[in-house]
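Let me begin by presenting the structure, written as structure tokens, before commenting on it.
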Amino acid sequence: MIGDIRETKECHLKDPMDLFHSGQVVKICAPMVRYSKLAFRTLVRKYNCDLCYTPMIVAADFVRSAKARDSEFTTNKGDHPLIVQFAAKEAQVLCDAARIICPFADGIDLNCGCPQRWAISEGYGACLINKPELVKDMVRHVRSQIDNPKFSVSIKIRIHEDLKRTVDLCQKAEAAGVSWITVHGRYIEERHQPVHYDAIKIIKQSMSIPIVANGDIKTLKDAENVHHLTEADGIMVARGLLANPAMFAGYEETPFQCIQDWVDIALEHGTPFTCFHHHLMYMMERITSKQEKKVFNVLSSTSAVLDYLNDHYGV
């Protein structure tokens, strides 16, 4: 598969920055552990998603192990523009990962927002918002070592309670050559609290590069409201797209055609059963009764799921 991509890469790699210069708000599928893999990216691209991220990949493992590369990253000719998100804490390791991925993706993103304990204890994710010089150094290194000027280098962050510190971090990253910054508008310790959209707006007004807003966007209407509240150049969605992969195309809930598309794509890609089933559970959350969920959620094989969908929904 890698060989197939290598032969055709010149025609298919894109400049993600073109999206931000289009005059339209850029609609983005977030990096989601286990979920934003190739099959799901293929689905959301059918429904007006402009830009997709891979799940977060630990850069050191990716550089060290061919097995990690094969299991963590798959792509194809239609999977563009594509951003590969890495967890890293050393500039050279991030550069090495970026060099490996460069022929097959359109940019990398440095995760500075993951609040999980394991990530922070390893020096990854959200703890990096407290290390602006390190973030600046990592961005600058990648910029200087990747020859392709169209290859984007972005970061995804959370915010500080003292917003001046976040603005300082963003300005340092901008000076180092970062392409854009995605802001999840919560503090490290916040999970389900309201998103601080006012903070995203202040960051946007302090910068001259594109800013992407992230957090609690569940419908296209939410995306429009957040755009107006923050003036952000892009909107990144995670759980909203899991529940309704057709959200960016304006559907209020997952249409049956989208469920059919998922079945076709997942079977074609050989998606493991658990992932195939979980996605359907998310998509059907709003359109099935409690009783139906009880039955559907305990199905244990692809054939049982296909029979259920056929019998109940004609899918």
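The backbone N, Cα and C atoms fix where each Cβ goes, and this holds for glycine too.
According to TrEMBL, the feature domain 'DUS-like FMN-binding' maps to 29-292.
Sequence-distant neighbours of Val33 (FMN binding site) (same chain, 6+ apart, CB under 8 A from its CB) are Pro55, Met56. The FMN binding site annotation in TrEMBL covers Pro31, Met32, Val33, Gln85, His184, Ala238, Arg239.
Note on Cys114 (active site, proton donor): other Cβ atoms within 10 Å of its Cβ, all shown chains, come to 22. Per TrEMBL, the feature active site, proton donor maps to Cys114.
Of all Cα pairs drawn from Pro31, Met32, Val33, Gln85, His184, Ala238, Arg239, which the record names as binding FMN, the longest spans 17 Å. The binding-site residues examined here are His184, Arg239; by Cβ neighbour count within 10 Å, the least packed of them is Arg239. Counting Cβ atoms from all protein chains shown, Gln85 (FMN binding site) has 25 others lying within 10 Å of its own Cβ. Here the CA atom of Cys114 (active site, proton donor) lies 13 Å from the CA atom of Ala238 (FMN binding site). Non-local neighbourhood of Met32 (FMN binding site): Pro55, Ala238, Leu242, each in the same chain, at least six residues away, with C-beta under 8 Å from its C-beta.
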